[in-house]
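What Swiss-Prot annotates here:
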REGION    1-31  region 'Disordered'
REGION    61-101  region 'Disordered'
MOD_RES   SER64  phosphoserine
COMPBIAS  83-96  compositional bias 'Low complexity'
BINDING   GLY254, SER255, ALA256, GLY257, THR258, GLY259, LYS260, SER261  ATP binding site
Amino acid sequence: MFRSHASGNKKQWSKRSSNGSTPAASASGSHAYRQQTLSSFFMGCGKKSAAASKNSTTIIDLESGDEGNRNITAPPRPRLIRNNSSSLFSQSQGSFGDDDPDAEFKKLVDVPRLNSYKKSSRSLSMTSSLHKTASASTTQKTYHFDEDETLREVTSVKSNSRQLSFTSTINIEDSSMKLSTDSERPAKRSKPSMEFQGLKLTVPKKIKPLLRKTVSNMDSMNHRSASSPVVLTMEQERVVNLIVKKRTNVFYTGSAGTGKSVILQTIIRQLSSLYGKESIAITASTGLAAVTIGGSTLHKWSGIGIGNKTIDQLVKKIQSQKDLLAAWRYTKVLIIDEISMVDGNLLDKLEQIARRIRKNDDPFGGIQLVLTGDFFQLPPVAKKDEHNVVKFCFESEMWKRCIQKTILLTKVFRQQDNKLIDILNAIRYGELTVDIAKTIRNLNRDIDYADGIAPTELYATRREVELSNVKKLQSLPGDLYEFKAVDNAPERYQAILDSSLMVEKVVALKEDAQVMMLKNKPDVELVNGSLGKVLFFVTESLVVKMKEIYKIVDDEVVMDMRLVSRVIGNPLLKESKEFRQDLNARPLARLERLKILINYAVKISPHKEKFPYVRWTVGKNKYIHELMVPERFPIDIPRENVGLERTQIPLMLCWALSIHKAQGQTIQRLKVDLRRIFEAGQVYVALSRAVTMDTLQVLNFDPGKIRTNERVKDFYKRLETLK
């Protein structure tokens, strides 16, 4: 379990292991159910329990005047611990109601057969299971080649012996069939055996417990599913077809916001289905970029380290390691993201190594190459110990020998502001006019936001970032909470863990701290990069109680909960003069509900962990409220039987970020300080994080610092576009 304790003015949590258990492993004892039928015994009850209704998600639209829409509840999110009833069968998918299970079973049997997908004229099919599956149902995506050579994607939902198939144009989430997710799985116990209604249930091996899911409360009417399929443009589809169907060695690029990441995700999914995940090497030039796409660094995958040895030495090193040798020989496709930061000399070495290791004189030893990135952004890092001059990848011999297609994407999605797009293109090519320079200077103005969330500041150096965040955090009143990560990593891999993750080892927060989300939440509108503000710190059980008392979370509720959180596990403080004065200062109409929560809070164990409750801004006057509990941040190390993982709350202070860490991010509110710019491409990377000029502030702009490499400009003039 996670244990909360206070020291002076700081509150911390740390992980305490008992019998090898993790936070998700703890669960309350189970209650026996009175079963009426055999089917309901195995399939669970049909009615929602009171506990389940507590976890329902509330949605509101602050702009709407319709009172009838203010209390809409979405399906409850099961909490995997603190459940007083057995979760072994109570949440099974496909369960029958207790009232008339035979009638429900007859409905299922009488359902007409579905033929909603086009039959394939070929025998070739590629299938891969999705991650969101439960024991009672399985979701799969299958790709078929039709007669017109078009790659079709079919999603199949299997439940025991029944199977439903949908084409990719059907929104599965809107259908009557409810797909199970990881959060709907019963909580697994690490005990070797248990009893339920007289049945002895045995577990043959220890099962890794599931991590707790967040207790959420959503106040937004525009709830969109993060799992809905992405529709590619014609330009993007042609890039995908060149790679997947025609097996072409491709480099594709484009300015910031042209959908390079969307194409990459699609390619990875389809190639993994076609060849199997083991045959696809997913790499990037940096640890942060590698984690984002679910891969590893190019240096780690290839096994050559920094690559400063001779080719003979590197080949010998690879041949001496069986796993490394197998990876080189059985890889069919090598994907490299952020290719602009890879030195061309390194690619030349890798190409020769590939041909020698695979004993194949084809380009790159017969491995298909998929390269992506933007050479107008951050360039390769020069190494002081190398005599060779750093060169761009497109200047390497490997590029001339291997790359068949170089494609420039032209459609911009991130910025819908045409004037901002013109400014970014001018900076990108280093062709500033007097009017554009004047427009950028006019962006040096303050911007007020109604929700109080300040714009994220970007700086060129890490020290500027640290000073800004520390200064703003110290200026806030109240207690400081420190959340220390639990790392699962051998000592020799600790540096990899630190450099590959945006989530910090120690996260220090206060009430009103401004934070950024570091995980995607598929069940709400939260995405990696969302901005929010910490409202208060509470336990999970107190959040459930709060939702019973208050239907929505407004400013008055925030004031109430900040008062309540002070007395969690501390009955003596409740009787103090200072607390009594603060309590009596609250409106009289709120005192009755406040006393209920206070009496509940003082009975909570002082050892129960408190977590930040955050208000996230997801649109104009639209918010999501979420209790941020620790989550896992895994890192895959190729060929290493090591599970690197950091467990930490998915937050970081975001008053300020470095330009380097911001690369690849979309930031809704941006304040850029260009005072210490030192590298070509930094200004472009910084400003291209913005979405619109209305939310962009630029300080210390100097046209003389806009530098573009002429070799990069010449290269981009020769790129092919797909219309």
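Glycine is treated like the rest: Cβ placed from N, Cα and C.
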CB within-chain contacts under 8 A for GLY259 (ATP binding site), separation at least 6: THR233, GLN236, LEU409, LYS411, PHE413
Intrachain C-beta neighbours of GLY254 (ATP binding site), sequence separation six or more, cut-off 8 angstroms: LYS260, ASP374, LEU408, LEU409, THR410
Sparsest Cβ surroundings (other CB atoms within 10 Å) among the binding-site residues SER255, THR258, SER261: SER261
Other CB atoms within 10 A, centred on LYS260 (ATP binding site): 22
All-chain count of other Cβ atoms within 10 Å of ALA256 (ATP binding site): 24
